[in-house]
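Asks: Below is one structure. I have some questions about it.
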Amino acid sequence: MFPKRLQSGDEIRIIAPSRSMAVIKGEQRRLAEERLVNLGFKITYGQYVLEHDDFFSTSIEQRVADIHDAFRDPNVKAIIAGIGGYNTNQLLKSIDYSLIKNNPKVFCGYSDITALLAAIHHKTGLITYSGPFFADFGIKYGFEYTLNSFLQAVTTDGMYEIEPSDKWSDDPWHLEQDEKQYIASEGYLVLQEGEASGKLIGGNLSTLTSLQGTEYMPSLKGAIIFIEDNEESHPFLFERGLQSLLQQKDANEIKAILIGRFQKESQVTDYFLKKMIESKKEISGVPIIANIDFGHTNQAATIPFGSYATIKAEKEDVEIFVGE
């Protein structure tokens, strides 16, 4: 079930299901709102987005209230998480999934918000979006690829291609805007060749694996899994997370694996990825592509969680089509 496509004049509600938006600098918030308004959208905020406690989040009740209010309000057509964090999975048991199923809307975020993307899709069938935070819309320079991909995902019908960006940045999202440095992209890394089609399931690996064994974990049967992690996921942690995922029920029916670009501090290198994949006999023959522009580096594509995708992975010919 796809949500209705966005159009000029639609209202977008900003919420904070994880960390408080108080961590985002005022100028970055201003620029993010200005950019979205200039695209023709109306921006409103959840009641508790700036509240914060000792953990720089706020209560489960307040965060859930903002989610429910956004889905309940008929004027709101899309919901974007302000920022990520660490504790979104606290909310899953308190969410009214029937409310969401009866009021389907664009729901977007990544990182820790993966818990909500997965749970909402699994419980309701709604296609959710692994895409930019509200804070990301406040990136002053080098945001074109991210913005274009987001608009393709939420304003147009049919499939669209995830192509490599021409440049990317590893700088922290909160770094002063004029100090960000960009690196020329070398394109995708094909780890195993092949072609596949299937349902997109994934997001932030450490968040996704935290759902294993719960009622919120989607099936991997027939899935093209897309996974990424941040600078804290060093090689052995990423390998352990992937191995855990491969031990899930139905993991033997995974159709392909897409791996997002890593931040340099993670120390996950192309060499490590090649050796890691070679060691996993259970995915021998499964098409695998790495260094894809989604996750914790800028720029980043928007991936529709739960939608259909087709991929072709050859050394000199890579195609990734998503969104049907």
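Counting begins at 1 with the first residue displayed.
The backbone N, Cα and C atoms fix where each Cβ goes, and this holds for glycine too.
Automated prediction, rather than curation, is the source of TrEMBL annotations.
Pasting the feature list from TrEMBL:
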- Ser111: active site, nucleophile (ACT_SITE)
- Glu228: active site, charge relay system (ACT_SITE)
- His296: active site, charge relay system (ACT_SITE)
- 12-131: domain 'LD-carboxypeptidase N-terminal' (DOMAIN)
- 197-311: domain 'LD-carboxypeptidase C-terminal' (DOMAIN)
Asks: Same chain only, sequence gap of 6 or more: which residues have a CB within under 8 Å of the CB of Ser111 (active site, nucleophile)?
Replies: Gly84, Gly85, Phe133, Gly203, Asn204, Thr207, Asn230, Gly295, His296
Asks: Look up His296 (active site, charge relay system) in the DSSP assignment and reduce it to helix, strand or coil.
Replies: coil
Asks: Counting only residues 6+ apart in the same chain, whose Cβ is under 8 Å from the Cβ of Glu228 (active site, charge relay system)?
Replies: Tyr110, Gly202, Gly203, Asn204, Leu205, Ile259, Gly260, Arg261, Phe262, Phe294, Gly295, His296
Asks: Hey, does DSSP put Glu228 (active site, charge relay system) in a helix, a strand, or just coil?
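Replies: The residue in question, Glu228 (active site, charge relay system), is strand (DSSP, three-state).
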Asks: Pop the mean pLDDT for the domain 'LD-carboxypeptidase N-terminal' (12-131) in here, whole number is fine.
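Replies: Mean model confidence (pLDDT) across the domain 'LD-carboxypeptidase N-terminal' (12-131) is 97.
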Asks: Please report the DSSP secondary structure of the residue listed as 'active site, nucleophile', reduced to three states.
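Replies: DSSP call for the residue listed as 'active site, nucleophile': helix.
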Asks: Counting every protein chain present, what is the number of Cβ atoms, excluding its own, within 10 Å of the Cβ of His296 (active site, charge relay system)?
Replies: 23
